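S.K.: My structure is below; once you've seen it, I'll send some questions.
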C-alpha cells in the first residue's frame, strides 16, 4: 500500500486491509472448507489493543487534550450513553411492531447490543483522520472522544451483560443504582491505576542513568502492567493504559536518553501499526466464517439508520450546550465532520464475539449486524470523509515548530489570562493550569525528574545555547 500513494490517497489503509482480509479468508475457506482464523476477544483485548492505546496516550498532545477535556468527556460519556440507550430502545420499539419477525431477545438484549455498537473505534478514526489532516481542536475532540468512548462502552457493556445474566425480572431499582455506581467506580478506578503506574514509571526512569540499554523496556513493561492490573481488579484497563501514557510522557522523555527516546518512539509506533494491520486483516478474515452469519434485513438496515441519526442528534445537542461555555466555538462544519467521524471497528466486534450464546440467543444476528456496521463505516465513511472535508473546506492543520517569539507570546498570554481569572475571582482552566504548573514545578519535577533534566528544561537557555553554537560554527 505504501509504495503506491495513488491508492492510499483515495482508499484508507484500514479499508484496503479489510478487503485483503476477506480475500485471504475466502482462499483459506475454499482450501479448508472451514474458517480457520477468527479474531478472538482474548487476543484482541490482551495483545492487540494495549499497544494502540498506549501509543495514543504516550504521544497525546497534553495541552490540547486537557484544554478540551470537558468537551471530550461530555461527548465520550453522555454521548455514548445517549447513543447506546436510543439505538437499543429504538430497535426494541421497532421489533415490537413485528417488522423484524420472530427474535428471542428482550429489551435488555437490545440495550446490550446498543451499548456495544456505540463503540467508536480509535484505530479506525486515527487511520482516517491522520490522512485527512483536520485542525488540531477538531482532531483532539474526535480522537479523544473515540479513545475514552471505548472505555465507557466496555463498562456499559459489562453492566448490561450482568443485567442479562440475572434476568430482566430481577433488575430492580437497586440493581440499576449499583450499575450506575459501578460505572463510575470502574472508570475512575482505571484512571487512578493509570496515574499510579505513570508516577511509578517516571520515578523508575529517574534512576536508569547507568542502565540506558534497558530504559525502553521499563516504558513498555510498566505501561502494560497498568493495563493488566486494572483488568485484574475489574477496572477499566483502557483508561488505565491511556492515562499511564498521558501522565508519564513529560517526565519519562526528560529522564531517558535521546537514543532511548528514539527507540521508544519507533518501537511504539511499529507495534501500534502492526496491531492495527492485524486487527483490520482479521476483521476481513473473520467475516468469511459461514457459521456466524444470520440475516435479518430490517434489523441490519435499521441499526445502520439509527446509529447514524442518533449520532448526528447527539453531536448537535451536545455542541449547542458546549458552545455556550466554549471560547472557541464548534461550527456547523465541525459538527458535520464529528458526526461523520463515528467509525465503528474492532472494539465492537470483539465485544459482540464475547457474548454468551446461552444467555443472548440472537448472538449470531448481533455478530452479523456488527460486521456489516464495521464494514459500512470503515469502508464507505472512510472513503467519503476525505472528499467531504475538502468539499466543506474544513480548516486544516499545519505541522511546524513554533518560533521562539510565538512561544514567548503564548507563555505571556497564559500568565495574563490566569491573572485576569484570579483577579475576577473566576476559577477557569487558565487559572487551574497555572496552579498545576506551579505545583508541578515545586514538587513533582523535583521528585520525578533527575537534576540534569530539570536544568535542561529551560527553553530560553536552550535557544540561547543553540544560537551561540550556530554563531561559533
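Heads up, the Cβ atoms here are built off N, Cα and C, so glycines get one too.
Pulled the feature table from TrEMBL, pasting it below:
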- 5-391: domain 'Cation/H+ exchanger transmembrane' (DOMAIN)
- 12-31: transmembrane segment (TRANSMEM)
- 43-60: transmembrane segment (TRANSMEM)
- 72-95: transmembrane segment (TRANSMEM)
- 107-129: transmembrane segment (TRANSMEM)
- 136-160: transmembrane segment (TRANSMEM)
- 180-204: transmembrane segment (TRANSMEM)
- 273-293: transmembrane segment (TRANSMEM)
- 299-320: transmembrane segment (TRANSMEM)
- 332-353: transmembrane segment (TRANSMEM)
- 365-385: transmembrane segment (TRANSMEM)
S.K.: Which residues of the chain, 6 or more past the ends of the transmembrane segment (332-353), have a CB below 8 A from one of its CBs?
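M.R.: Answer is 14, 38-41, 44-45, 48-49, 75, 113, 116-117, 119-121, 123-125, 128-129, 134, 138, 141-142, 146, 150, 153-154, 157, 279-280, 282-283, 286, 307-308, 311-312, 315-316, 319, 363, 366-367, 370-371, 373-374, 377-378, 381-382, 385, 388-389, 392-394.
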S.K.: Hey, which bits of the same chain come close to the transmembrane segment (299-320), Cβ under 8 Å, at least six residues off its ends?
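M.R.: Tertiary neighbours of the transmembrane segment (299-320) are 74-75, 78-79, 82-83, 86-87, 90-91, 94-95, 100, 103, 117-118, 330, 334-335, 338-339, 342, 344, 365, 368-369, 372-373, 376.
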S.K.: Cβ pairs under 8 Å only, please: of the recorded stretches 12-31, 43-60, 72-95, 136-160, which one is richest in them relative to the transmembrane segment (107-129)?
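M.R.: Most Cβ pairs under 8 Å with the transmembrane segment (107-129) come from 136-160.
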S.K.: Going through 72-95, 180-204, 365-385 one by one, which has the most CB pairs that fall under 8 Å from the transmembrane segment (136-160)?
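M.R.: It is 72-95, which has the most Cβ pairs under 8 Å.
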S.K.: Mind pulling out the one from 43-60, 72-95, 180-204, 273-293 with the most Cβ pairs under 8 angstroms to the transmembrane segment (12-31)?
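M.R.: Out of the listed stretches, 273-293 contacts the transmembrane segment (12-31) most.
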S.K.: With a Cβ cut-off under 8 Å, give me the same-chain residues at least six positions beyond the ends of the transmembrane segment (43-60) that come close to it.
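M.R.: For the transmembrane segment (43-60), the sequence-distant neighbours (Cβ-Cβ under 8 Å, at least 6 residues beyond its ends) are 122-123, 126, 143, 147, 150, 219-220, 223-224, 227, 231, 237-238, 241-246, 248-249, 264-265, 268-269, 271-272, 274-276, 278-279, 346-347, 350.
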S.K.: Any residues 6+ beyond the ends of the transmembrane segment (72-95) with a Cβ under 8 Å from its own?
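M.R.: The answer is 65, 103, 105, 107, 110-115, 117-118, 140-141, 144-145, 147-149, 152-153, 156, 298-299, 302-303, 306-307, 310-311, 313-315, 318, 321-322, 338.
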